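Asker: To start, I am sharing the structure in question, which I have written as structure tokens.
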Amino acid sequence: MDKLKPIFARLNKFPRVALVVIGLFVALGTFAPWLAPQDPSAQNLLQGGAGPSVAHWLGTDHLGRDTLSRLIIAANTSLVSVGSVLIIAMTIGILMGTIAGYHRGWVDDLLMRVVDVGLSVPSLIVALAVIGIVGPGYWTMVLALALAWWPMSGRISRAVAVSIMSKPHIEALRVLGASPWRIYFGHLLPGTIGAVMVYATADAGTAALAVATLSFLGLGIQPPTPEWGQMLVDALPYLESDPRQVILPGLALTAAVIGFNTLGEAIALNRIPKPLTRRMLAMRRIEVAGWGKENSDA
Amino acid sequence: MTHRPVLKVENLQTRFKSVQRGKFVHAVDDVSIELYPGEIVGLVGESGCGKSTLGRTIVGLEKATSGRVLLDGVDLSTLSGAALRDSRRALQYVFQDPYSSLNDRQTVGEALDEALQIDGIRSRADRDRRTKELLDQVGLADVVKDRHTRELSGGQRQRVAIARSLAVNPRVLICDEPVSALDLSIRAQVMNLFLRLQKDLGVACLFIAHDLELVRQAASRVYVMYLGKIVEHGPSQELYDHPSHPYSQMLLASVPEANPIAERQRKVPLMVGEVPSPTNPPSGCRFRTRCPMAVDDCRQQVPPALKLSPGHDAACVFAKDLHRGKRSALLEADANAERVGALVPS
């Protein structure tokens, strides 16, 4: 573990690498249907388990499906499902959190007790229970994960909302006689969304892992739709004869998760408002130089 | 100053639930003050005596437990919702910290524009014109409008905050230590701005401060507050020359002299002990636990405010003696003597 520490420390210093990885992931995910060189579901049992070739750059799996295409399409699956989970979870969480933070009092107590109940149950178990009741499926998984995910974002956005509400600039608005709508939609909601988005970036990695986990267990994305977790479980019986089929989706998943975490951390650190950014300082210098000129002209 | 007060606070009480079960923190207790149009009134007292809570309760940032706030004769507690927001707009508040009282995401123009929108100015052109006017009033260049508030210095930010309060044409400005977060050099500028605005716009100003010298220079009248109650009130010159409540005397005597020789010879009456907890305020006179003159009577009942001269009153049983110049009795009183019933001035 000690040997790994400097590697992690270095990784944290390169949010740009994380940005590229995540950028690649998002780009591949978005344009996957056009980028995938071959049909990811086209089987060719005669070429099952083949190594890299001109036709199949990363080889084929045991059913002879093109691994590269499957990896790319899996990025799309992952992106869409993680995005949906987070959007649903954050919408519920931010709404409940900001309402609790705005109203305080019994509304706050009630909503936060609900959040407490949600937080007290491990999220994967909630998801498993929901899937167990409704039955496995793509949207079932998304909804189940969203259901498991929202309490955390609710708790975070409530904390952010409370801190924003107690800031003097909100009090100043109240003294000015601003309507509750203006305070809520004009100041509280944008401020909270901005802060909670940071947590969402870091959370995206965990969500991607959860999607893969559920798919690995056969409870999430169903075959034949390619998904990293499901590719892993597909290739598991051939671990000894063809480890590449396990390693490749594993690497993709690892890169995405670490990328999201590093990026989230970097964004969180950069978001501490600086009095003046480097660009502003440079502009200020130019402006001040301009003033001098005006004075000498006069 | 014969006309009606623009702001009248009657028997205002604000208390908070204490961490101790079933107990309350009496932050503001039975306070009545008046503000006339166009005057600056000081409110002084130690930290934690409830000055800020009083100001915040007046503008509605804290809920009053009882009592009334009358603005131009209208009882604000009878209003609610939009009507309350519209009436209360004439009552503005300037915060102590200019760094957090402005939204960092907004530019100066946006902040002022929003205040004008709240005030109900529909036309964009009108708002732009008024923004320009406001910036001019507080002595800021027009280019500042496009700056983010985080790019400004403390003094500039406080000017923007003042401009924002003025945007809604207030009749009363409650300033909660508006200059104590600023540098000394900027402080004078902002103070002069206040004096000018009060003269030009006729805005009445309640100036909450712990800088006694500042209040003496700016305010025409002063209220002295101790542990949630007003202990003395009077015209500032009169009050500074003849403080008639033991607490005011001690407060004023604790201001250091600028002259080092005078400072060395100065006798400072020791203020014994800490401010008692507002959760369990002392019975009777609240100052009795620290007062070198306290007698048995002080424990029994709350001393009523005694009229000493026109507009000057103090809530102390010895107020009349003290007003006549019994200062020495207090200064020489042994601070270590037994508190209650020990010292009765002759």
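Here the Cβ of each residue, glycine as well, is placed from N, Cα and C on the backbone.
Pulled these features from TrEMBL for this protein:
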type     : residues  : note
DOMAIN   : A:75-264  : domain 'ABC transmembrane type-1'
TRANSMEM : A:17-36   : transmembrane segment
TRANSMEM : A:79-102  : transmembrane segment
TRANSMEM : A:123-150 : transmembrane segment
TRANSMEM : A:181-200 : transmembrane segment
TRANSMEM : A:207-226 : transmembrane segment
TRANSMEM : A:246-269 : transmembrane segment
Asker: Applying the under-8 angstroms CB criterion, which one of A:17-36, A:79-102, A:123-150, A:181-200, A:246-269 scores highest with the transmembrane segment (A:207-226)?
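Answerer: Checked against A:17-36, A:79-102, A:123-150, A:181-200, A:246-269; highest Cβ contact count belongs to A:123-150.
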Asker: Flag the pair the transmembrane segment (A:79-102) / the transmembrane segment (A:181-200) as in contact if three or more Cβ pairs fall under 8 Å (sequence separation 6 or more).
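Answerer: The answer is yes, given that the two segments have at least 3 Cβ pairs within the 8 Å cut-off.
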Asker: Do any residues, 6 or more residues outside the transmembrane segment (A:17-36), come within under 8 Å Cβ-to-Cβ of it, and if so which ones?
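Answerer: Same-chain contacts beyond the ends: 11, 66, 68-69, 72-73, 75-76, 78-80, 255-256, 258-263, 266.
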